[in-house]
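I have a structure I would like to understand better, so I am pasting it below and will then ask my questions one at a time.
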Amino acid sequence: MKALVENLKATARETNATDIRAAFAADRNRFSRFSTTLGDLLFDYSKCAVNDRILDGLEALAEAAKVEEKRNAMFRGDIINITEGRAVLHTALRNRSNRQILVEGKDVMPDVNAVLDAMGAFADGIRSGALKGATGKKITDVINIGIGGSDLGPVMATLALAPFHDGPRLHFVSNIDGAHIADTLRLIDPETALFVVASKTFTTIETMTNAATARAFIAGKLGEAAVGHHFAAVSTALDKVAAFGIDQKRVFGFWDWVGGRYSIWSAIGLPLMIAIGTENFGRFLDGGHAIDEHFRDAPLRQNIPMLLGLIGFYHRNVLGYPSRAILPYDQRLARFPAYLQQLDMESNGKGVTMDSTPVEFSTGPVVWGEPGTNGQHAFYQLIHQGTDVIPAEFMIAAKGHEKDLRHQHQLLMANCLAQSEALMKGRTLAEAKAQLTSKGMDDAKADKIAPHRVFTGNRPSLTIVYDQLDPFALGRLIALYEHRVFVEGALFNINSFDQWGVELGKELATGLLPVVEGKESAEDHDSSTAGLVAALLKAAR
Ligand SMILES: O=P(O)(O)OC[C@H]1O[C@](O)(CO)[C@@H](O)[C@@H]1O
């Protein structure tokens with residue numbers, strides 16, 4: 001692998017691949033050669049620093065890393081999450097073909113379908129008012145209590161699918177900071193509230209603490225007997241849910257082969273289903289499934305997740321770019337960058353290979369972003385003229401949902417396209433100077449100002465276009481990025497499906513709690529931690 005990466009570096013140099021502007025000038029068909037479609041989904045990577053030889057090299061890398069074999073093992077239900085001894089089968093949750101998927105000899109599809117049916121019946125009951133609160137009132141507000149993968153997916157998707165939201169209002173509480181639940185409880189009426197406690201493990205301190213606060217709130221306002229009417233739970237740890245006291249009929253299970261950050265398709269999607277209804281939720285699953293079929297079957301050069309992953313690896317390890325910006329020109333995808341941060345960084349922020357040796361590559365990049373056009377007025381300065389090259393990933397719908405605001409959508413499209421064009425084309429010193437002198441600036445002053453107005457150009461971006469942001473399109477987009485993360489992880493030869501890196505902080509927080517409670521001394525901690533504890537406790541007195 002290392003040699004192949006070195007070859008790619010040499011090829012990039014020899015073919016002057018990073019001169020994207022020159023590549024466009026030399027080839028009128030560059031867009032059609034370096035873009036591909038899947039239905040109404042268009043993936044344009046022509047503004048990346050690729051050419052045929054680079055793609056050949058990336059294909060060789062994929063072969064050497066056995067990406068296709070690894071992909072097949074995932075779909076087959078092999079135990080590919082080796083550190084936790086688990087299969088990785090979020091694809092089974094959206095397996096609309098219903099073809100058999102075996103985990104240790106057992107077909108998981110009957111259980112998947114049974115939970116989906118139970119979720120559907122519950123969601124219908126809440127939406128129609130058949131399932132009421134303890135005082136007989138219809139549920140108007142659903143509050144999801146969860147964090148990480150038990151929060152980010154439903155939060156992101158609920159906003160993304162706002163035009164389809166015809167069920168009760170949704171709220172999300174995740175942070176251990178009491179401000180989060182306190183501000184939410186102020187907005188709701190206990191008689192018409194339903195809390196969904198969402199936790200794969202049902203041990204996460206944030207979720208358990210917020211759930212206990214919510215439980216006390218309901219018991220305090222409506223009496224202990226009301227609790228059963230106002231709570232539901234989603235978890236893989238059904239025994240722990242039972243201990244919390246939630247009625248078994250309101251508990252929706254999933255399985256250890258669903259990673260938290262891949263769980264939006266499971267019962268973790270219950271709040272979304274309550275918001276948009278079972279039919280729309282089904283379309284969302286259909287979208288994910290469409291990408292699964294494509295990822296399994298399409299040849300590499302037309303395979304969008306493969307290309308996304310290979311280009312991601314190329315940016316990181318051949319061209320050395322440290323981060324990637326996710327820039328949806330779609331306000332309703334405002335939480336998509338945050339969602340991808342967990343998906344990508346928790347999956348591929350690793351330093352040890354599948355063989356338990358240190359990785360030989362730079363693994364996952366920093367993933368960040370904001371929706372356009374807001375980002376333009378905040379951090380695009382750095383993307384255009386900063387000293388680091390930051391590959392940008394644009395996404396935009398051909399049609400907005402606001403028919404009478406078509407003009408605003410046109411402005412949105414123009415801005416999106418202008419940004420990728422500007423990044424690629426840039427502006428030379430001569431062009432900058434000519435622009436200034438044409439406006440009457442004298443030569444000497446133009447010489448001083450022009451360098452500040454130079455854009456190097458040749459800054460890579462890719463663009464994803466879809467018809468309209470509907471449940472199917474969203475399902476496709478999420479699955480596309482899930483598989484991209486898979487491909488990059490396979491190239492790095494890491495386990496993308498564990499998350500040991502979040503453990504140490506959790507352990508230390510447990511140890512520090514008695515210290516900040518004033519029950520134990522801080523003397524066993526380093527002097528900074530001890531000093532901070534002392535300052536906080538003094539100020540809190
Ligand atoms: O669903 P749970 O078990 O409460 O975990 C929440 C989140 O915590 C993590 O384990 C670590 O942050 C994530 O992977 C997960 O999505």
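Placement of Cβ uses the backbone N, Cα and C atoms for every residue, glycine included.
Keep in mind that what you see is a predicted model, and the values were worked out from it rather than measured.
Checked TrEMBL, it gives:
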type: ACT_SITE; residues: GLU346; note: active site, proton donor
type: ACT_SITE; residues: HIS377; note: active site
type: ACT_SITE; residues: LYS506; note: active site
Using the alpha carbons only, what distance in Å do you get between HIS377 (active site) and GLU346 (active site, proton donor) once rounded?
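About 29 Å separates the two Cα atoms.
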Between the Cα atoms of the residue listed as 'active site, proton donor' and LYS506 (active site), what distance do you get, rounded to the nearest Å?
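Cα to Cα, the residue listed as 'active site, proton donor' and LYS506 (active site) are separated by 15 Å.
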Are there any residues in the same chain, six or more apart in sequence, whose C-beta is under 8 angstroms from the C-beta of LYS506 (active site), and if so which?
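Non-local contacts for LYS506 (active site): ILE205.
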